[in-house]
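Each remark here refers to the structure printed beneath this line.
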Amino acid sequence: MKKVKLKIPATVANLVCGFDILGMAVHDPYDEMEFRLLNTPEIIIRHTDSFGLPEEPSGNVAGIVLLKIQEYFNLKSGFEVIIHKHIKPGSGLGSSAASAAGAAFGANILLENKLSKEEMVYFAMFGEELASGVRHADNIAPCIYGGITLVKSINPIDIIPLNSPDLFVTAVHPQVEVKTSDARQILKKNITLKSAVEQWGNIAGLVAGIQKNDFPLIGRSLNDVIIEPIRSILIPKFDEIKTRSLQLGALGGGISGSGPSVFMLSEQEETAEKIAQMMKSVYDEIEIASPVYVSKINPTGIQIVEEN
Ligand SMILES: Nc1ncnc2c1ncn2[C@@H]1O[C@H](COP(=O)(O)OP(=O)(O)OP(=O)(O)O)[C@@H](O)[C@H]1O
Ligand SMILES: N[C@@H](CCO)C(=O)O
């Protein structure tokens, strides 16, 4: 039976001001997934990592996506999936989205490209719903389309792939637990018109900056007056990391997804590396283990490693 192996990138959702609508794929870290089409209608999920994630299909984000695809097409065949997870769950680096988007992408290949990209996003969102209680596509879309994406709407699905500026991304993952579902619960349900206007200006500026490769405009638009002031309280040393990154020459940055990871964008690799060292030393000082990744924006998204 047909087999395929995929490499699925981590993603930075929200891009600071674009809560639930903007996201970016990076090169590192990434997950790997191997898929096999089965003659019987079973869904088998196996993990080779030690994160202790559920392997029961209805409890695993990849499994739920495959169950929905199987049900929709009334398939007589099933799927075996082996997940090599390197993106730690609950990191804010799109761990759940990688499994969900990878499942939709892998199934699509085994099913001879039955699905459009919009349909892959549609099915993958069932995985995000399982992980966080809410359907959102800001991590899934950049996985599937690559680069930076704008989720104009999820109903109907309307994804706008944006430009992929040649920028370096430094991301640190302080090992404190922040569940997306909890990080959504603490947000205010209402905002003032003044804040909304400021945020619209930032989002529009950021999208214009991305499309025009205008790095200073990107930098001054990476500003969030609605979500960051609330969520940053959950992230130790957030203000220090941000202030010192800007002093070292970062264009800007903030919370990655719902946190606790924090990311910064830089024009030069040297700046990105200096920021990485600073992030590491800040968390070493308070004895919080914190993997740091220096990477670039990933214009391709999910990649096929092997197909036969
Ligand atoms: N295959 C899977 N990969 C990752 N998480 C999974 C998977 N299956 C189930 N989960 C559950 O999803 C939750 C992790 O999702 P969560 O959205 O909190 O983290 P994240 O994807 O790293 O963050 P973010 O969406 O902010 O980038 C955990 O409760 C985990 O048990
Ligand atoms: N937009 C989502 C991304 C995390 O999954 C959030 O910030 O809650």
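A Cβ is built for glycine as well, from the same backbone N, Cα and C atoms used for every other residue.
Since this is a predicted model, take the numbers as computed values, not measurements.
Here is what TrEMBL records for this protein:
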type: DOMAIN; residues: 65-147; note: domain 'GHMP kinase N-terminal'
type: BINDING; residues: K88, P89, G90, S91, G92, L93, G94, S95, S96, A97, A98; note: ATP binding site
type: DOMAIN; residues: 207-284; note: domain 'GHMP kinase C-terminal'
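Here the features listed in TrEMBL are placed on the structure.
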residue : record           : Cβ neighbours (10 Å)
K88     : ATP binding site : 17
G90     : ATP binding site : 23
G92     : ATP binding site : 30
G94     : ATP binding site : 32
S96     : ATP binding site : 26
A98     : ATP binding site : 35
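On the 0 to 100 pLDDT scale, the model's mean across the domain 'GHMP kinase N-terminal' (65-147) is 97. Across the domain 'GHMP kinase C-terminal' (207-284), DSSP helix (H, G, I), strand (E, B) and coil residues number 46 helix, 9 strand, 23 coil.
Per DSSP, the secondary structure of the domain 'GHMP kinase N-terminal' (65-147) breaks down as 46 helix, 7 strand, 30 coil. Only G94, S96, of the binding-site residues K88, G94, S96, A98, place a Cβ under 6 Å from an atom of ligand 1. Same-chain residues with CB within 8 A of the center of the K88, P89, G90, S91, G92, L93, G94, S95, S96, A97, A98 CB atoms, the ATP site residues themselves not counted, are A10, I87, N139, G257.
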